[in-house]
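*Asks:* Below is the structure I would like to discuss, written out as structure tokens.
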């Protein structure tokens with residue numbers, strides 16, 4: 001019953017609708033109580049796990065038709081966006097200075113002041129205003145900063161930086177309200193364990209998001225019992241990048257090793273296994289100029305997104321314990337795209353369906 005692939009063809013959508021109707025019918029029998037489902041969300045750092053969690057919340061909010069983020073939560077998101085702009089600006093300027101890119105001393109001093117003003121906005125809970133916003137726009141568009149942004153993979157600057165800089169005119173407004181797309185672009189590394197409970201009709205979905213950095217992983221094992229599904233997120237676009245924690249280790253190799261440890265047969269004997277090969281949009285662009293074989297010598301296909309994705313899917317699958325292969329659901333995703341919500345809808349139904357089978361309800 002395993003499935004692998006990310007394209008929602010007509011037949012797949014019809015099957016999803018059939019499964020959803022079956023689940024709805026089964027849940028009608030248990031109206032008096034919530035069906036509780038738990039999903040463990042794991043993967044290496046920078047893979048996009050927290051973004052997936054935001055999209056899960058967005059999907060369940062839409063399906064339950066119970067409103068969005070609270071006013072207080074949106075205010076927190078606004079401050080996080082400003083914090084991201086402050087951090088991204090600091091990283092870009094630091095790269096320019098350390099690598100002796102062509103920027104005069106006057107501009108360096110001006111942009112250091114700009115960064116301090118962004119910091120003050122964050123600390124004071126204010127908004128940036130027109131004058132500061134204009135300086136940020138000039139900063140973003142200047143040649144050395146653009147050059148530094150193009151080299152972002154070498155110093156762990158995320159692609160969200162460009163998104164927020166391009167949206168300065170909207171973000172600077174006093175009445176700015178973050179959209180769902182803004183929220184999923186926010187970068188805040190997960191430390192510790194974050195649990196989000198979302199309610200969808202008769203389903204209570206508890207999603208446990210565990211920090212992906214190496215020092216956080218020892219905490220995962222406390223959550224390995226009694227989960228209904230494991231959602232593992234790996235950034236397929238990072239096949240040429242190094243770990244933040246260890247510059248000698250390739251990020252894709254780290255993801256593969258971690259995945260095979262998790263699915264070695266000791267844990268999750270009844271849980272659905274779901275793999276998101278995330279950041280597929282960046283992967284499709286990157287393979288146009290960056291060799292897969294250079295970083296993964298075992299790759300023998302054409303240097304295309306199709307052959308590359310097929311190779312990495314096989315690498316993840318081949319190292320699994322045989323019992324898990326028949327329960328693996330693999331999707332190529334872009335967690336910042338609203339289209340991922342279609343996949344997440346399918347994942348939610350998959351988790352519920354597997355549990356209902358185990359309990360004999362369908």
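Going from the start of the chain as shown, residues are counted 1 onward.
From the backbone N, Cα and C atoms, a Cβ is placed for every residue, glycine too.
Grabbed the feature section from Swiss-Prot, which reads as follows:
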DOMAIN    35-362  domain 'G-alpha'
REGION    38-51  region 'G1 motif'
BINDING   43-50, 184-190, 209-213, 278-281, 335  GTP binding site
BINDING   50, 190  Mg(2+) binding site
REGION    182-190  region 'G2 motif'
REGION    205-214  region 'G3 motif'
REGION    274-281  region 'G4 motif'
REGION    333-337  region 'G5 motif'
*Asks:* With the region 'G1 motif' (38-51) as the reference, find which of 182-190, 205-214, 274-281, 333-337 contributes the most Cβ pairs under 8 Å.
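*Replies:* Per the Cβ count, the answer is 205-214.
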*Asks:* At a 10 Å cut-off from the C-beta of residue 50 (Mg(2+) binding site), count the other C-beta atoms across all protein chains.
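*Replies:* There are 21 of them.
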*Asks:* When you measure from the Cβ of residue 335 (GTP binding site), how many other Cβ atoms are you left with inside 10 Å?
*Replies:* 25
*Asks:* Reported as an integer number of Å, what is the Cα distance between residue 50 (Mg(2+) binding site) and residue 188 (GTP binding site)?
*Replies:* 8
*Asks:* Would you list the DSSP helix, strand and coil counts for the residues of the region 'G2 motif' (182-190)?
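*Replies:* Across the region 'G2 motif' (182-190), DSSP assigns the residues as follows: 4 helix, 0 strand, 5 coil.
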*Asks:* With an 8 Å cut-off on Cβ-Cβ distance and a minimum sequence separation of at least 6, pull the same-chain contacts of residue 184 (GTP binding site), or say none.
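*Replies:* Those within reach of residue 184 (GTP binding site), by Cβ under 8 Å and sequence separation of 6 or more, are 51, 54, 55, 58, 335, 336.
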*Asks:* If you count Cβ atoms within 10 Å of each one, which of the binding-site residues 188, 210 comes out on top?
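*Replies:* Of 188, 210, the one with the most crowded Cβ is 210.
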*Asks:* When you measure from the Cβ of residue 278 (GTP binding site), how many other Cβ atoms are you left with inside 10 Å?
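*Replies:* The Cβ of residue 278 (GTP binding site) has 28 Cβ neighbours within 10 Å.
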*Asks:* DSSP three-state call for residue 50 (Mg(2+) binding site): helix, strand or coil?
*Replies:* helix
*Asks:* Look up residue 43 (GTP binding site) in the DSSP assignment and report helix, strand or coil.
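*Replies:* Once the DSSP labels are grouped into three classes, residue 43 (GTP binding site) ends up as coil.
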*Asks:* Please give me the CB contact count at 10 A for residue 43 (GTP binding site), counting all chains in the structure.
*Replies:* 25
